[in-house]
Amino acid sequence: MAAPKVAVVGAGVIGLSTALCIAETCPSCSVTVLSDQFSPNTTSDIAAGMLIPHTYPGTPIHVQKQWFTETFTYLFAISNSAEASEAGIHLVSGWQVFKNTPEEELPFWSDVVLGFRPMSEAELQKFPQHRFGQAFTTLKCDCPPYLLWLEKRLKATGVQIYTRKVADLWELHSEYNIVVNCTGIGAHQLVGDEKLFPIRGQVLKVHAPWVKNFIRDGDGLTYIYPGIHRVTLGGTREKGSWSLSPNPGTTKDIFDRCCSLEPSLRGAQDIKVKVGLRPSRWCVRLQREVLSQGGLKLPVVHNYGHGAGGFSVHRGTAKEAAHLVGECIAALQGSSSRAKL
């Protein structure tokens, strides 16, 4: 058969990295990215981009660890290259602090990040309300630069990128052999996934260049993540809320919570408020499906539902989605050679 045509729908971090993995692993494919929104207007642009995994209850831990390890390894190589600043990827050290000792003192990812260890008594003096903590070094993606870097990589590998709103995957049937669904929260409407729900996140992006270390409260609600140009202060986890309007009361609450962890933030300047909807599920939907309609068939690969953990596992899930696309191509080639017989 002719070179298979693959459409990747969605241009957040999952869509762009999935398209890149497909182009790298299936060089005979023609890959196109279709989305109605690109950076800086995606949910990924609002994310802090910290590599600290979120746990998916419905996904085996060894699978989550593999996704995280592949992502960390990939970004660590970029952070050690001349492209680090353009890609917005850098190492950042800091602390995760707890008011009570967690049941699991060694999270599954502790041997993937760098230098993971319990905090010393002297370090804990910085956080008088907390009794236990972990110190480690991880990676951070500054999201808009990273998405633009991915787009540049895609164009360099010959991937086509078009602005287009896809209302129904079937509308792509006449143009593409395989469709990859990376639409995040948009999959709720696009494929009618009732298991997908928004977790609204409101964050502040502030100018506070003296803040060099990340600080994350163990409950995952309050965090301070320094980027190259701005510090992300968070946050909220409002399950089921679709509102994209900033809440002024929430802004004050986030700022006060972060200042209780890092009092110097009282001097932060140029506070911008951002709101995003994390596409959350019991587990990431990463699977093949063949849609059928009136005797026609459309192979689809789904890769969405990463919730708060998309940046931590994006490369690992993209590689798995690309592998599933390879299986779809093999199935198509098998059926076309049988048709010739």
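Quick reminder: no glycine exception, Cβ is built from N, Cα and C everywhere.
In TrEMBL this protein carries:
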- T43, S44, V166, T183: FAD binding site (BINDING)
- Y223, R278: D-dopa binding site (BINDING)
- 5-324: domain 'FAD dependent oxidoreductase' (DOMAIN)
- 1-19: signal peptide (SIGNAL)
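Sequence features annotated in TrEMBL and their locations in the structure.
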residue	record	contacts (Cβ under 8 Å, 6+ apart)
T43	FAD binding site	G12, G184, I185, G276, L277, R278, P279
S44	FAD binding site	G12, V13, I14, C143, L147, G310, F311
V166	FAD binding site	V9, L34, D36, L172, T183, L190
Y223	D-dopa binding site	A48, M50, F214, I215, R216, D217, T232, L233, G234, G235, C258
Surrounding CB atoms that lie within 10 Å of the CB of R278 (D-dopa binding site), all protein chains: 24
T183 (FAD binding site), number of other Cβ atoms within 10 Å: 28
Averaged pLDDT, computed only over the residues in the domain 'FAD dependent oxidoreductase' (5-324): 97
